[in-house]
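See structure below.
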Amino acid sequence: MAGEEIVPFKVDIPKEEFERLKRKLRDTRLPPKEIVPDAGSRYGPTYEWAANLLRVWRDDYDWYPFQAQMNSQPHFHTTLDNVKIHFVHARSPRPDAIPLIMVHGWPGSFYEFSQVWNPLSHPTDASQPAFHVVVPSLPGFAFSDWPPRAGWTLQDTAGLFDKLMKRLGYQRYMIQTGDWGHWIGRELGSKYTESCKLVHFNFAPSPLPEWVEYTKREKEVQSRVDDWLENHMGYAVCMRTRPHTIGFGFNDNPMGILTWVGEKYNEAADPEKQKRPYWTDCILTTASLYYFTDCIMPSMLCYYENVRHENFASFAMEEHNRITVPFGYTSFYWDTEPSSKRAVERTGNLVYYKERNDGGHYAALEDPEGIIEDVRELAAQEWKHS
């Protein structure tokens, strides 16, 4: 890894920036009350939820322990096709380690994988597979450059990430991903098959076959998909039509970022996991990262430039998007658009499937042990054949 192409980097937010954030939070005025009496969650997050997060962020939250956690593995920058990409590189000491790229979505970041990059690269049990874990920031997120032009798609990002892995010396690799990263994984697993040899998803929108009797779980997860598309798409419509409007308003507005980003951590996660103080930390750290790096506006380009949510399943079915390398899928019940084996296997070479009922959209944060287990199982089953 030595050389001018790959430059060491460290997350190091100046104290003055953190103090500026705290000043802005102290100066924040919430509306005097909820929009109508007994509004509850019908109009968005509850008033109590927003007020409590503001109070904790303003009075109790300390960025620096989480910054230290981010820096528990080395960070780097490298420039590919004139786009500077930030990434974490958790190399394993094991000579048989499998190269693994893990890709986030929105409103995520590289921080999503902070609970898994150490266990995956340094397993305590020598009989378990080990991985060289690479966690990049998507263009437009955190410490990566913004997309360089209009019309930049996730398929363009897939090409960059394939080049990233090869620059790191990994001619063959595995990918684990969800959310918008699904389309990066699908692109790599369908068109970059000389290098991307194995894929694992925790988000895989796919259509169930017609004219079949659904199982109880299939009915339940399809109901969740229908509810998400019918009742929770307001944010996506805004971002895929007016990212400048929201971006100008939110960029230097911590509370705006917190409610816009935090709402999705409220809606798309396992309700039981949300009750833990840990989940509050996840929301506030993610909102802080978006604020410190000025990325709330460019992060919205995923929505503006790519396939719309209501077309996800049909897009996955298009022949050119069919995954030909072996792939696995873990269906988390509390995901925004959870799928089923009979649906996902229609979109490619599905060789591994598992259902988990105690996690949601942010699988590596909500159920790190589950993601670690599933990645290890899939790799143990398939990598030797790749």
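Cβ atoms are placed via backbone N, Cα and C, with glycine included.
These figures come from a predicted structure and were not determined experimentally.
Feature annotations, courtesy of TrEMBL:
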type	residues	note
ACT_SITE	D179	active site, nucleophile
ACT_SITE	Y303	active site, proton donor
ACT_SITE	H361	active site, proton acceptor
DOMAIN	7-113	domain 'Epoxide hydrolase N-terminal'
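Distance noted between the C-alpha atoms of the residue listed as 'active site, proton acceptor' and D179 (active site, nucleophile) is 8 Å. Around Y303 (active site, proton donor), a 10 Å sphere centred on its CB holds 20 further CB atoms from the protein chains shown. A distance of 11 Å separates the Cα atom of Y303 (active site, proton donor) from that of D179 (active site, nucleophile). D179 (active site, nucleophile) is surrounded by 26 other CB atoms, counting those within 10 A of its CB over all protein chains shown.
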